[in-house]
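*Asks:* Take this structure first; my questions come after.
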C-alpha cells in the first residue's frame, strides 16, 4: 500500500444544503438530487446504484449494492429473487436501509423504512422490459445457493434457453419487486473541514418533519 489509510482523505467544497433550499417533504428533494446525479456522475458510477442493508432472523446485518428501479410517492423499488438471501432476510425482518452515494456531487442519501412486495402485475411489467438474457437468468440462477462451479451455472442457463426456445419467458413466481416505504430520509452534503450539512426527514403521524443533524 503506497499511502497510509490514515492519510487518505479529501475535503468537500462543492456545495451546501440550507433549509431554505429544501422542500417540506423529501421526495421532491430526492428527485432533484437524483436528476443532478444522472447528469453529473460518470461511468463507472451508476446514479441509481445504492447499498441495501437487511437484517436476518438472528439479528445479523447484511448489505450489498443494487440498482433502484422504481420511485413514486409510495417509496423506492428494487427487484430480486424472492428465494435469495436478501429475500429470506426481508421475510424474517421486513425493514431495510438504503444508501445512495454520488461522489462527483459530494452527496449521500440514507433511507430507512418497512419493505413490502410489489404486486405481481408490477413485477411482471418490469420483468417484460428486461433484456432476454436477464429474463432467462431469473429462471436459471438459484440465487445465493452454493453451486459446484461456473460450468453448473452455464448448464442451467442452457437448459433454461432450451425450455423457452419456442416461447418468451414469463415472470417466475420466485422473482419480483420490493418497495421500501420510507420512514426516515437523510440528505448529506459534504462540506469543508468535515462540517457537513445533514437534513433529516422523519415521518411522524403521516407528516414529514424536517430537522438538521450535527455532522
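Every residue, even glycine, has its Cβ placed from backbone N, Cα and C.
In case it helps, Swiss-Prot gives these features for our protein:
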- 9, 10, 11, 12, 69, 126, 130, 134, 194, 195, 196: substrate binding site (BINDING)
- 64, 65, 66, 67, 68, 69, 79, 80, 86, 108, 143, 144, 188, 198: FMN binding site (BINDING)
*Asks:* For the binding-site residues listed here, 86, 196, which shows the highest count of neighbouring CB atoms within 10 A?
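*Replies:* Result for the most crowded candidate: 86.
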*Asks:* Can you tell which of 9, 194 has the least company, meaning the fewest other C-beta atoms within 10 angstroms of its C-beta, among these binding-site residues?
*Replies:* 9
*Asks:* Given that the record lists 9, 10, 11, 12, 69, 126, 130, 134, 194, 195, 196 as binding substrate, what is the largest C-alpha to C-alpha distance among them, in Å?
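*Replies:* Largest Cα to Cα distance for the substrate-binding set is 43 Å.
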*Asks:* So, three-state DSSP: helix, strand or coil for residue 69 (substrate binding site)?
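*Replies:* Going by the DSSP assignment, residue 69 (substrate binding site) belongs to neither helix nor strand, so it counts as coil.
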*Asks:* Out of 9, 11, 130, 194, 196, the binding-site residues in the record, which is closest to residue 66 (FMN binding site) when you go by Cα distance?
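*Replies:* Looking at Cα distances from residue 66 (FMN binding site), the smallest one goes to 130.
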*Asks:* Looking at the binding-site residues 64, 68, 86, 188, which has the shortest Cα distance to residue 130 (substrate binding site)?
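*Replies:* Of all the candidates listed, 68 is nearest in space.
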*Asks:* In Å, how long is the longest CA to CA span across 64, 65, 66, 67, 68, 69, 79, 80, 86, 108, 143, 144, 188, 198, which the record gives as the FMN binders?
*Replies:* 37
*Asks:* In three-state terms from DSSP, label residue 196 (substrate binding site) for me.
*Replies:* coil
*Asks:* Check the DSSP secondary structure of residue 143 (FMN binding site), expressed as helix, strand or coil.
*Replies:* coil
*Asks:* From the Cα of residue 196 (substrate binding site) across to the Cα of residue 188 (FMN binding site), what is the distance in angstrom?
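*Replies:* Distance between the two Cα atoms comes out at 7 Å.
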*Asks:* Including all protein chains displayed, how many Cβ atoms other than that of residue 66 (FMN binding site) lie within 10 Å of its Cβ?
*Replies:* 17
*Asks:* Say we define neighbours as other CB atoms within 10 Å of the CB. Which of the binding-site residues 64, 143 has the fewest?
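*Replies:* Output over binding-site residues 64, 143: least Cβ neighbours within 10 Å is 64.
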*Asks:* Let's check the environment of residue 188 (FMN binding site): how many other CB atoms sit within 10 Å of its CB?
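*Replies:* Excluding its own Cβ, the number within 10 Å is 22.
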*Asks:* If I take the Cα of residue 194 (substrate binding site) as reference, which of the binding-site residues 64, 68, 86, 143 has the closest Cα?
*Replies:* 64
